């Protein structure tokens, strides 16, 4: 097994002569390397990677270009006029027919969605004026206007630099087909470099219409150097995965603290306003509000967003209006804070205390990561419009108004927000603030759901129930288990800390950690994918990374004061995700070692050494190549075997969504009379498998029948073409070949496949490919008609799901640490997660299980 890819040795090699076309090139003129397609062979008349009939996918490195040394080393390749029996038969059917990635929302839809983001994305950042200045000035006492203007300037430039400059203009553009978050960045990187530790990558995955790889550019040499470093060094792969898992776990940890902090900050405004409203009352009311908040999550992000967006819109209007009122009434000179010199004076005057106050200043950007993590629920433009037109100006005015109030009332710093509100507006503002605080948690809750779903799809989190809550927006989901877990943890935190100051000490550590992880990943995207100018690439981590590192050092000083809490939660989820990924990779490798040889199956004959009875047996396994060991166990255990066998592999690919028409890939296993096939069902990491077993079976059968027809047509086309070549071989050197005929037998490259002319088949207007007129129909091909009739008889007899009841155990010679992780921790997670067939809702009467033990 290769590092990051899989290769299967064919039982025999065929020696084929290259076609007259010689070599091929990318659309920009650069030649193509042999690793691009399994259908290529070297120009020395020898086969290079001929695919056998055992169903093994012709796995290649999937690299978009050759490695670069001192010059540009390319090899000219010839194509093999081989029969088309590879997994890309189905994938080539509907490429470009969907256009889901090219749809542009209208201006009205963008504005409506931008309004909706206020209720989901910006609640956390929007409620930060409730507690930022009170926390900052708890570390730095106000002695003069330097402290006030310095803190204001620090807050203003922090918001302008991190959420505005970094996220709105740079990070949001690093989305994966409209999906955001650390796992979306990881998925994007996995498409360009084989860095996934789960070795199930296939070259044919690049044919998915949403894969969208970029073509080589003049910066290719630098990008290929980065790609080689990531692929060749297992250490780099593990570091990258660790960063992604750490960033995701910190988002979850932040999602636990955000509701507690926001709700308690709003409710605590009643202290001093209502007689007898003490700390116990604050805790009780906060818990009630939290229960209500998490109870409405089941209605979905869309409904919650539209329900909450008007309240947040009113909240931002209040922030701006009260801010303007305070600026005009108390001190208009606070506009001097736009001068960054006051930041220097702030640190010069207060020294170490000013550095400690950065832990409070970072609270003004908590929730900024939700702008990227919640991107799948909305669109880039809607998030940009909402922040630029509403959130950013209202927050700046609100902080300037509070600073103006402090100029005249420096002793009111503990309740700065509510004291700065005009007396007649206190109760309306308090009600809106409490509702806004509830909504503030929605950003991180939605981000947590998105991160968990992505982690599950990429093999880094145990399977749990996911509910898709919208028919229009695919990214809007609800995870019941995580929702109730977050609620319980929030209640415990509120009851244990009982003070916003104590929670504030823990707040912000996870947020800064996630920001630093996103900085590293986006820098890698710039180098590998965007291929940005090197000077600009270096400016990104130097500028933003330096700012975030300074904030990180400040918040880490609060570990003993409560900062250990988010680190504890993050560490717990990091262990869960890393253990699940580690165990999944070892289990897959164990299955690869134990797969059955095709020669063994061929020796058994078409009867497989048993009785073949009518019906379709779906053998579920995780292998994309080879015959799984469970099949040998089934042959030994069962007295008979189904007339049609399909090895089904459910596979998640590093794209958000896989169109339904491109979901199934088929390949024949053995000879035709064996009636055995391999099926890879591909899903994106944001796809929700809502179909029941009946719908799944219908799609599978339709795709299998289409595959059989396409296979027969390709064989007929190949036979006709080879016969024509033999007839014309004497005049080849005299008659020049026209460009239109050169590509008829070629297996298209990635760039060719997406150009709209595939194998001479017309796919315009999104219609199904039209094969040449020489192709045979089922009536003209007796073998095809016989096989289709056998398939219909098998369908009439029903489906049986043949599954492995697997137990994963560490080998006896393994180290104690590995035995503990696999035999206890990973085994515990496997026993308590959802079964693989649970999402298909298969009746128990249709399931047969065989006990298997995987030694890893």
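Note: Cβ is positioned from N, Cα and C throughout, glycine not excepted.
Feature annotations, reproduced from TrEMBL:
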COMPBIAS  73-82  compositional bias 'Basic residues'
DOMAIN    614-854  domain 'K+ potassium transporter C-terminal'
REGION    1-82  region 'Disordered'
REGION    738-778  region 'Disordered'
TRANSMEM  105-123  transmembrane segment
TRANSMEM  148-169  transmembrane segment
TRANSMEM  239-257  transmembrane segment
TRANSMEM  277-296  transmembrane segment
TRANSMEM  308-328  transmembrane segment
TRANSMEM  354-373  transmembrane segment
TRANSMEM  385-405  transmembrane segment
TRANSMEM  425-452  transmembrane segment
TRANSMEM  473-497  transmembrane segment
TRANSMEM  503-527  transmembrane segment
TRANSMEM  534-556  transmembrane segment
TRANSMEM  562-580  transmembrane segment
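In summary, the transmembrane segment (385-405) lies against the transmembrane segment (308-328): three or more C-beta pairs, each 6 or more positions apart in sequence, are under 8 Å. The transmembrane segment (239-257) shares the most Cβ pairs under 8 Å with 425-452, out of the stretches 308-328, 425-452, 534-556. Remote same-chain residues near the transmembrane segment (105-123) are listed as 262, 301-302, 304-313, 316, 367, 370-371, 374, 377-379, 381-383, 385-387, 389-391, 436, 439-443, 446 (criterion: CB distance under 8 Å, separation of at least six residues from the stretch ends). Only pairs six or more apart in sequence are counted, and the transmembrane segment (425-452) with the transmembrane segment (308-328) gives three or more Cβ pairs under 8 Å, enough to call it a contact. For the transmembrane segment (503-527), the neighbouring stretch richest in Cβ pairs under 8 Å, chosen from 148-169, 308-328, 354-373, 473-497, is 354-373. Contact between the transmembrane segment (473-497) and the transmembrane segment (308-328) does not hold: fewer than three of their C-beta pairs are under 8 Å, each pair 6 or more apart in sequence. Remote same-chain residues near the transmembrane segment (148-169) are listed as 125, 132-133, 136-137, 140, 142, 334, 336-340, 342-343, 345-347, 349, 354, 357-358, 361-362, 364-365, 368-369, 371-372, 383-384, 387-388, 392, 395-396, 399-400, 403, 406-407, 410, 515, 519, 544, 547-548 (criterion: CB distance under 8 Å, separation of at least six residues from the stretch ends).
Here the transmembrane segment (308-328) has Cβ contacts under 8 Å with residues 115-120, 122-123, 126-127, 129, 334, 390-391, 393-395, 397-402, 404-405, 420-422, 425, 429, 432-433, 435-436, 438-439, 442 of the same chain, all six or more residues outside its ends. Per-residue pLDDT, averaged across the domain 'K+ potassium transporter C-terminal' (614-854), gives 74.
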